[in-house]
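Undergrad: Once you've had a glance at the structure underneath, I'll fire off some questions.
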Amino acid sequence: MDSRAQLMNKISFLCLLGMIFLLPFFVLPFFNIVVSKGLLFTVGILLSAIFWIVGRMIDAEFTFPKSYLLWAGLGLVFTSFLATIFSSNPSLSFIGHGFNVDTFIYTLLFFIAFFLSTQFFNNSKRIFQLFLTFLLSFVIIALFSLFVLFFGHSDFLKNSFLVNIPTNIVGSLNNLAIFSGLVIILSLITLESLEFKKIFRFFLFAILIIALFFLALANFSFIWLATGLFALFLFICKLSFQSDVFEKKAEDEKSGKIFFNQRGRFFPTISLIVVLICLVFVVGSGTIGKFVPNFFNVKNVEFRPSLGTTWFVDKEVLSQSPILGAGPGHFTHEWLVHKPISWNKTNLWNSVFDSGFGIIPTALITVGILGGLAWIFFLGAFLFYSIKALAVSNKDRISDYLLLTSLVGALFLWLVNFIFTPSIVLIALSFIMTGVFLGVLMHRKDIGIFKLQFGNSRIKLFFFNLLLVILLILSIWMGYIFMRKFFAITWTDRAVRSMAQNDLDTSEKYLLRSISLSPTDLSYRFLVDVYTQKLTLLLNSETKSSTEDAQVIVQKAEIAARSAVAYDSENYFNQATLGRLYEFFLSLGVQGSYESAISSYTDARNLNPKDPTVPIALARVEMISKNSDKVRQYLTEALQLKPDYIITLLSFSRFEKLEGNINAAIKYAEDALVISPEDTEIKTYLENLRQPVSVPEVPVETLNENVPNE
């Protein structure tokens, strides 16, 4: 191979390996974890791809594995692309707000990571480097997490730059538990498959113990169960297929190299101990499992739709768009439209989710039956090659070790993906570990390799280079788009901080900069909030220029709200924001606001038909316009959607009081007090209602609750 091509390959490999090392713990101060890790993953993969493409231009050859698994991965990309172009909002499905995992461009990036892993991790040296990278990355996470756990409330932490960094740099406590489970499995296989110097074995034991501690801290029963099952699988495999123990030779003690002498019988003690520990925590999750988190006062609360609820939405979406689903990035919309009415009986009735029960069940909603079949083909191909590889003894312990680690690691992560919706870190690692598995199969010669050379034909070389140039341009273009979106998010974040400090002019300036780089409906909605606050301040100032300036702000606010709707007309929050703006205008006496408010809120109700807050908003509009029949109609609708919603009951009570129906007003207030018996404001309001002479007032902050914003 040309030395220049080798250099490009090396740089590409280092970009990929560096990204994998940094991704689990990388976070930018002041930024959301998803944005930080999404930026790193995107930049790392695109840089690796760019240098790899340049390398192929130099040596004019291309190799890839002969595997159905690779084509199955392409199938995921192809079905996502089809679902994107046929979705109701292709732009949203293509890239979303920039760092949404459930988009076509991220499906493509995950496949690129998978493909590049097959290219680079197909020899033992690089695969060992990868596993060592995982361990070192976990060490950094462990040190930071333990520091926060023991010193998180110290003055040093509060007064240092760390105050702007999230306390969990992986993503969430559950994601930390998943990553710890992966590290436990890799450590177990390494400890019971290879022999190292005592200091490295001590290092692995320490990592194993710390990872078990983080599992206990999270007390995530499913991860305990999954880790225990994989440890049991490893125990049985080692006991059944590896009957020999390893013993050092004198010359190997000096070199520290790995050796394999067959002497005696091997018993996987460590795996058995881990199995027993996992069993104890699974069985005693309600008692023993709570000891560690209670001792450290750690609460692990993470909500998501159940499998049954996700399947309910699946059926509703597939009945309308069976082949390609609603499109990538459209889960939230479909959730709000199709969630079961029984969901209103839960404490999470007004929660918004961007995924359902696991990434793969969610795919049925976003990419339909065709996408579901693509996932089945992909995972089926992975299982096929896994079983086939395990059935063949290579009689090379290093090779068997690499196979077992890559296979079990990938299988563990895909199981987690099916049950749980993890962070971008673990989704990326799932594809990377699957690529490593294919690389190991190439290393073991369990699968063939296609090698295409174009240097001996000018015509072939021309078209090959043309294809590579197109791929290079697309890679650079994607990087450019992502960087614009990142800087747009930067300006939006600054705007939000300025808004919190009541610096509305600066906030407006930052939001306009963000929109000029990459407009999003979220930025437009923030801009509406800025203009609404500025208008309120201006009207209260009573200056001579108030009327003229107010008209300008009204126009700007309306343009911003309508721009949000134009960006994504199926987003409930965009329609609700427009309705709330017109409701505000109606209270100021702006002409035409009544019809516009009713129209916008009606559109919002169609996008979120199970939410009682929208009928309440419609009732507020009708109350301003003194349409009593309509007010009663909308409040009744809200009460039917959620009979135990205090806001509805108190709104009905206020309405009945204004209508002179004091007994009805008292009844609704009493119903509200039954739901919240300790609420002193409701008690005071009810006491005043029962006194005929007084003119009771309902708590303003309760009755005037707006339609929730995202």
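Backbone N, Cα and C atoms are what each Cβ position is placed from, and that goes for glycine too.
From TrEMBL, here are the annotated features:
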- 12-32: transmembrane segment (TRANSMEM)
- 38-55: transmembrane segment (TRANSMEM)
- 67-88: transmembrane segment (TRANSMEM)
- 94-116: transmembrane segment (TRANSMEM)
- 128-152: transmembrane segment (TRANSMEM)
- 172-191: transmembrane segment (TRANSMEM)
- 198-216: transmembrane segment (TRANSMEM)
- 222-241: transmembrane segment (TRANSMEM)
- 266-288: transmembrane segment (TRANSMEM)
- 359-386: transmembrane segment (TRANSMEM)
- 398-416: transmembrane segment (TRANSMEM)
- 422-441: transmembrane segment (TRANSMEM)
Undergrad: May I ask you to check whether the transmembrane segment (222-241) and the transmembrane segment (12-32) make contact, with contact taken as at least three Cβ pairs under 8 Å and only pairs 6 or more apart in sequence counted?
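TA: Taking Cβ pairs at least 6 residues apart, the transmembrane segment (12-32) and the transmembrane segment (222-241) are not in contact, as fewer than 3 fall under 8 Å.
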Undergrad: Output the single range from 67-88, 128-152, 266-288, 422-441 maximising the number of Cβ pairs under 8 Å to the transmembrane segment (38-55).
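TA: Answer is 422-441, with the largest number of Cβ pairs below 8 Å.
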Undergrad: Same-chain Cβ contacts of the transmembrane segment (94-116) under 8 Å, 6 or more residues past its ends?
TA: 12, 16, 34-35, 38-39, 41-42, 45-46, 48-49, 52, 64, 70, 73-74, 76-77, 80-81, 83-84, 328-329, 331, 354-355, 362, 366, 424, 427-428, 431-432, 434-435, 478, 481-482, 485-486, 488-489, 518, 520, 522
Undergrad: Take a look at 67-88, 359-386, 398-416, 422-441 and tell me which one has the most Cβ pairs under 8 Å to the transmembrane segment (12-32).
TA: 422-441
Undergrad: Cβ under 8 Å, sequence separation of at least 6 from the ends of the transmembrane segment (398-416): give me the contacting residues as numbers and ranges.
TA: 124, 127, 131, 178, 181-182, 185-186, 189-190, 193-194, 223, 226-227, 230, 233-234, 237, 258, 379, 382, 386, 389-390, 422, 426, 429-430, 433-434, 436-437, 439-441, 443-444
Undergrad: Might you confirm whether the transmembrane segment (359-386) is in contact with the transmembrane segment (266-288), defined here as three or more C-beta pairs under 8 A between residues 6 or more apart in sequence?
TA: no
Undergrad: For the transmembrane segment (67-88) and the transmembrane segment (359-386), decide whether they are in contact, meaning at least 3 CB pairs lie under 8 A, counting pairs 6 or more apart in sequence.
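TA: Taking Cβ pairs at least 6 residues apart, the transmembrane segment (359-386) and the transmembrane segment (67-88) are in contact, with 3 or more under 8 Å.
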